[in-house]
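Notes to accompany the following structure.
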Ligand SMILES: Nc1ncnc2c1ncn2[C@@H]1O[C@H](COP(=O)(O)OP(=O)(O)O)[C@@H](O)[C@H]1O
């Protein structure tokens, strides 16, 4: 089963994708995570990607689609893919259709996490993750149970994303509205869009997604 998790920055796509990986043995394909790896390299591409990400703009469609194509080539046909942060433009959506067809796969659901944009800025600017296992936390909403220690793996190292500041977040929201939201009508015509209230508790959102996948 292949699905897209869709929603603005901070909607909780990454959090829910991690849970789907744990509960359903699916594979998370996050172009944001892939690009964060790419930017670490001291190469021309790494520096270009870092500049674009820090401004909140979009990396080129061909670069991200090639990354997705390469990941799917390595995946067994029975492992479900969770597309997280991809596709983000109408061109990427068309590219994904071609890539899926090439690998003999198809989309089952596009799950849209519906959220209130004003709340997102607070969510995003307060978030941080475990540097070791990637577990997500928040200054106000979800501190580790023991201060400074990851609940999941015990690590004491945490990190914040450089693009999680208010100015960049607001730009990423407008990019979502202008570039990404327009891909929804195409999927709606195919009857595969499912909407989930992304403002509820993390567990409630997970239950709603589980019900769609069941
Ligand atoms: N599919 C994509 N197409 C173009 N750029 C992307 C794509 N995925 C991620 N990026 C780049 O990486 C940044 C971070 O993406 P992501 O981790 O998905 O964060 P968020 O959903 O919180 O904005 C984006 O702002 C953009 O610059």
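Quick reminder: no glycine exception, Cβ is built from N, Cα and C everywhere.
When 88, 127 are compared with the ATP site residues 10, 11, 12, 13, 14, 15, 200 in TrEMBL, the one appearing in that site is 127. The AMP site in TrEMBL is built from 31, 36, 57, 58, 59, 85, 86, 87, 88, 92, 161 plus one of 19, 47, 172, namely 172. Within the chain, the region 'NMP' (30-59) has long-range Cβ neighbours (under 8 A, six or more residues past its boundaries) at 14, 17, 67-68, 71, 84-86, 88-89, 161-163, 168-169, 171-172, 175, 179. Residue 11 (ATP binding site) falls outside any helix or strand according to DSSP and counts as coil. Within the group of binding-site residues (11, 133, 150), the Cβ with the highest number of other Cβ atoms inside 10 Å belongs to 11.
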